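Input: a single structure, listed below in structure tokens.
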Amino acid sequence: MGCTLSAEDKAAVERSKMIDRNLREDGEKAAREVKLLLLGAGESGKSTIVKQMKIIHEAGYSEEECKQYKAVVYSNTIQSIIAIIRAMGRLKIDFGDAARADDARQLFVLAGAAEEGFMTAELAGVIKRLWKDSGVQACFNRSREYQLNDSAAYYLNDLDRIAQPNYIPTQQDVLRTRVKTTGIVETHFTFKDLHFKMFDVGGQRSERKKWIHCFEGVTAIIFCVALSDYDLVLAEDEEMNRMHESMKLFDSICNNKWFTDTSIILFLNKKDLFEEKIKKSPLTICYPEYAGSNTYEEAAAYIQCQFEDLNKRKDTKEIYTHFTCATDTKNVQFVFDAVTDVIIKNNLKDCGLF
């Protein structure tokens with residue numbers, strides 16, 4: 001007599017198959033979910049990378065969303081010129097044209113009365129005259145001696161355009177805006193059949209205690225370093241060189257037991273600013289022992305070695321380093337493509353899916 005399954009047994013087999021199928025689907029789904037943590041000291045470019053993900057992997061910023069950044073563009077522009085004027089007093093730099101002193105006084109009055117999201121023709125005129133002044137330019141060239149937004153020159157050089165009454169910020173204007181990240185900003189997007197969850201965490205010291213609960217189940221960490229920070233001090237601690245702070249932080253992340261199996265991707269960012277700065281500000285400010293030339297290639301390679309040498313598990317853990325310019329969409333697109341390939345190779349090969 002043949003061996004036949006009872007209806008009950010058949011149901012049990014079907015149930016078992018379904019459970020296996022569900023487990024496999026759950027496994028595949030989990031394998032396709034990528035949790036990325038963006039870490040780094042304050043103003044290293046983390047939030048700009050997040051904005052680029054929206055531009056590259058989503059539809060970018062709509063006209064309506066761009067309009068909402070108008071107030072931030074104006075605020076960044078006004079705060080930048082104010083920071084330069086204040087620094088002139090501290091650094092004892094005179095205006096090239098004595099008449100600009102009246103403009104400076106006017107600037108503080110008009111800026112204080114300015115309505116959010118609006119720039120009057122009078123205020124724009126004052127800022128334009130000040131920015132053209134040789135004393136203001138001399139102070140701008142010494143910006144490493146005080147705190148100034150990276151985007152200062154970008155906005156101030158383009159004042160004619162951004163001061164127009166019908167001005168709508170471009171994607172590039174939005175990328176250049178600076179708003180301090182407080183707390184954690186989460187972004188979702190799909191790329192190469194993977195579902196990314198990217199977490200941007202505030203980099204200032206006061207924000208770092210909020211990181212800890214993000215650590216669980218992280219696929220990869222993108223650690224951002226501003227190359228151009230080598231001759232700057234922290235906004236929150238003027239005794240601390242920004243690059244040294246970044247190295248300390250990278251050391252603690254790279255060698256953390258939480259991240260033994262986590263891919264570490266190092267973005268040496270702001271390469272465009274670094275390339276300009278290294279011509280006039282020597283790397284020995286940050287690394288007194290540096291004996292190389294102040295060329296972009298040699299100085300950048302030296303900084304790369306300083307960070308990669310902090311890795312105490314070189315035999316088992318690789319650091320994937322990329323030189324980036326977070327405001328350059330094509331560069332970020334190219335680098336992120338390479339990063340995704342590393343993630344696929346490292347984190348999904350175990351599942352036999354790729």
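Quick reminder: no glycine exception, Cβ is built from N, Cα and C everywhere.
Worth saying up front: this structure is predicted, and the values here are computed from it rather than measured.
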- Of 1-8, 161-168, 209-216, 265-272, which span is tagged region 'G4 motif' by Swiss-Prot? 265-272
- Of 240-245, 288-293, 324-329, the range Swiss-Prot tags as region 'G5 motif' is 324-329
- Pick from 96-105, 136-145, 196-205: which range has region 'G3 motif' per Swiss-Prot? 196-205
- Message: Among the residue ranges 56-64, 74-82, 173-181, 182-190, I'd like the one that Swiss-Prot describes as region 'G2 motif'.
- Response: 173-181
- Which site among Ser47, Thr181 has the most other CB atoms no more than 10 Å from its CB, taking these as binding-site residues? Ser47
- If you run through the region 'G4 motif' (265-272) with DSSP, how many residues end up as helix, strand and coil? 2 helix, 5 strand, 1 coil
- Query: Expressed to the nearest Å, what is the distance separating Asp200 (GTP binding site) and Ser47 (Mg(2+) binding site) at their Cα atoms?
  - Reply: 6
- Task: Inside 10 Å of the Cβ of Asp150 (GTP binding site), count up the other Cβ atoms and send me the figure.
- Result: 21
- Item | Residue among binding-site residues Glu43, Asp150, Lys270, Ala326 with Cα closest to the Cα of Thr181 (Mg(2+) binding site) | Glu43
